Amino acid sequence: MSSDPMRNIRNFSIIAHVDHGKSTLADRIIQLCGGLEAREMEAQVLDSNPIERERGITIKAQSVSLLYKAQDGQNYHLNLIDTPGHVDFSYEVSRSLAACEGALLVVDASQGVEAQSVANCYTAVEQGLEVVPILNKIDLPTADTERAKAEIEAVIGIDASEAVAVSAKTGLYVEQVLEAIVQRIPAPQPRDTEKLQALIIDSWFDNYLGVVSLVRVMQGEITPGNKLLVMSTGRSHQVDAVGVFTPKRKTLAKLTAGEVGWVTASIKDVHGAPVGDTLTLTSDPAPKPLPGFQEVQPRVFAGLFPVDAEDYPDLREALEKLRLNDAALRFEPENSEAMGFGFRCGFLGMLHMEIVQERLEREYDLNLITTAPTVIYEVLKTDGTLVAMDNPAKMPPINQINEIREPIIRSNILTPPDYVGAVITLCEEKRGSQIGITYLGNQVQVAYELPMAEVVLDFFDKLKSVTRGYASLDYHFLRFQEGPFVRVDTLINGDRVDALSVIVHRHQAERRGRELCEKMKDLIPRQMFDVAIQAAIGSQIISRSTVKAMRKNVLAKCYGGDISRKKKLLEKQKEGKKRMKQIGRVEIPQEAFLAVLQIDNK
């Protein structure tokens with residue numbers, strides 16, 4: 001090693017759109033550097049979570065430290081952080097990039113640039129990173145490297161003349177990627193202070209070790225036995241062990257400046273080491289914390305309730321442990337008349353919500369009911385106060401509301417020219433307003449302002465179906481905008497079910513109410529009495545359907561006989577049904593709560 005220990009360190013992330021081959025390229029890099037032996041190698045070795053492997057997507061950013069002997073004869077220490085590509089997990093990307101000096105932008109040579117590659121690349125450029133374009137999948141017969149290079153220059157605006165063309169699947173030319181990393185990505189720079197500063201990139205909970213933190217040491221060094229100060233909480237913890245992932249966990253004697261590794265300090269409190277925080281020495285603290293990364297705001301809210309009320313404390317504990325590993329998750333206790341005690345949770349999007357529910361059910365063995373997701377609205381009350389509302393059931397009475405504002409997003413859609421008409425039609429159906437259309441080589445960029453409520457539910461699926469899977473979407477929050485919104489309540493036998501309330505645009509209210517009643521009629525099982533399902537805005541009923549009662553034939557045993565005998569039996573049955581209806585409760589199945597989702601948002 002040279003006299004400057006940081007000179008031969010390279011910290012880099014891999015950024016790309018979903019399915020462009022990030023994780024496969026990471027596998028090849030690990031293989032070439034000898035991080036794992038051949039028998040330990042498996043596809044997508046960094047996607048360690050079973051849900052990631054099943055869905056074929058990366059959810060959590062993973063890190064790995066490798067040694068590489070370059071063609072110039074020197075040994076280089078490479079720290080690779082694999083990042084997710086889905087729009088819901090873009091915050092994971094920005095966290096990973098904060099710990100790097102460079103990024104590999106992987107583009108599928110057969111598909112060209114897609115929206116998420118653009119968004120992630122802009123994030124990298126904003127943070128001042130060196131971006132190295134990589135063209136992947138050149139082994140495919142449909143690969144067109146020249147077109148992909150032209151698109152990178154036209155759509156993203158970075159020079160692609162020196163882009164490295166590889167096939168991550170076969171390993172062709174991957175060595176050139178390693179050389180490009182060594183030559184083009186800068187080494188870590190010393191900070192303006194001599195004192196220890198380490199940025200927490202990620203944390204997770206281990207039942208034996210407590211909180212394990214993944215850190216990037218910016219300045220100074222961490223050795224076991226040091227007392228570390230967590231700068232935001234002001235608490236000190238003694239370091240038990242430090243090390244790196246190779247991708248296996250490997251213990252080291254110390255972590256020095258420029259390195260990315262893990263630290264354990266017997267922190268048993270789940271909130272002990274928040275992500276984005278700075279670690280420094282208790283005895284000699286740094287003057288100020290490192291700039292962290294933006295707090296991410298959840299956009300989609302839903303209620304999570306345990307099927308069995310006794311699981312409530314377990315659900316709280318599971319959510320706290322998951323929150324440590326997933327900084328974007330928010331939750332607060334909620335009480336629902338229909339569902340009992342549970343939590344109101346905030347997510348980044350529908351995929352994030354599905355993944356969280358799946359992780360809770362699998363990793364913590366919980367049985368959960370989820371209510372229909374909703375976005376956050378702003379309500380301006382008549383007394384001038386502005387309240388944020390993430391739960392339709394908590395909306396103030398109509399006479400106290402001055403205006404309701406919904407969140408508007410700006411979406412960038414990249415699509416082949418053949419499907420522009422279909423994309424515009426879809427956006428207009430979703431109450432969108434067009435900002436502009438730009439033709440870029442073989443792709444068209446369509447920019448729209450759209451209501452977030454229309455986008456989070458099923459917009460992505462519909463966009464894929466109208467463009468046969470070719471379009472890609474990226475969006476970010478813009479502002480809140482006033483509109484004519486109402487709350488549609490669902491009444492079952494005259495009782496309002498708070499978990500089924502939805503906020504909709506006034507023009508869509510009657511249709512949504514009618515469709516909801518029809519859907520619920522199919523899902524609620526028949527009872528011994530008629531069940532009335534009504535949709536209402538305030539006290540005005542806008543639609544109704546009835547689940548007919550099951551009826552026992554009480555006249556079966558009266559063969560002939562007097563008509564008054566039959567009348568008496570029928571009257572008796574009628575009385576019983578009336579009494580049953582007064583005290584009878586209707587069990588609402590889980591499917592009924594999700595029926596709100598399935599109503600087509602035309």
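In case you wondered, yes, glycine gets a Cβ from its N, Cα and C as well.
Marked as domain 'tr-type G' by Swiss-Prot: 7-189.
The GTP binding site annotation in Swiss-Prot covers D19, H20, G21, K22, S23, T24, N136, K137, I138, D139 and rests on sequence analysis. According to DSSP, S23 (GTP binding site) is assigned to a helical segment.
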Close in space but at least six residues away in sequence, with Cβ under 8 Å from that of G21 (GTP binding site), the same-chain residues are V106, D108, N136, K137, A168, K169
For I138 (GTP binding site), the nonlocal same-chain Cβ neighbours (under 8 Å, six or more residues apart) come out as A109, T145, A165, V166, S167, L172, Y173
Largest C-alpha distance in Å for the GTP site residues D19, H20, G21, K22, S23, T24, N136, K137, I138, D139, as a whole number, is 17
